[in-house]
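What Swiss-Prot says about this protein:
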| type | residues | note |
| --- | --- | --- |
| BINDING | His8, Ser14, His15, Ala16, Asn17, Met65, Gln66, Trp67, Tyr68, Thr105, Thr106, Gly107, Gly108 | FMN binding site |
Amino acid sequence: MILIIYAHPYPHHSHANKQMLEQAGTLENVEIRSLYHLYPDFNIDVAAEQEALSRASLIVWQHPMQWYSVPPLLKLWMDKALTHGWAYGHGGTALHGKYLLWAVTTGGGENHFTIGSHPGFDVLSQPLQATALYCGLKWLPPFSMHCTFICDDDTLQAQARQYKQRLLAWQEVNHG
């Protein structure tokens, strides 16, 4: 099962993420957990989140890039759901062998996220990749959609279909 942990503080403003979720939602064995819908008060139900994580073979962290990082509720979700003794540390093997995909949207162009005058995705992904590895997750190459503020609808739809194809390809290879 694919579990998409979706974290967008203003989901009604994001055509890109909406289209990504619509495409992913057409696949079988996909569960989408919209954190800002589930937890508007930031009071995370750790047991429910860990139960959802337990059912998944592929975990996707889908969100917009905010100040070169994740939205605040996703960071809090990581702090609360990925607990010592469950996700890491002594006895913390619940996520071992599962896969993690970082699916991120940006308002800036792809060149804005290359090494040079701005940090590249390899640099920006390091905290997330380190978290994944620390929890025994297998890190997959990220999926990114750039220029989402200025893309026309056809471009966004094409990129959302690429996202769906990426998830479908993972399902076909991993039977999940």
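Note that Cβ sites are derived from N, Cα and C of the backbone, with glycine treated the same way.
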Counting other Cβ atoms within 10 Å of each residue's Cβ, which of the binding-site residues Asn17, Gln66, Thr106 comes out lowest?
Gln66
Would you mind ranking the binding-site residues His8, His15 by how many other Cβ atoms sit within 10 Å of each Cβ and giving me the lowest?
His15
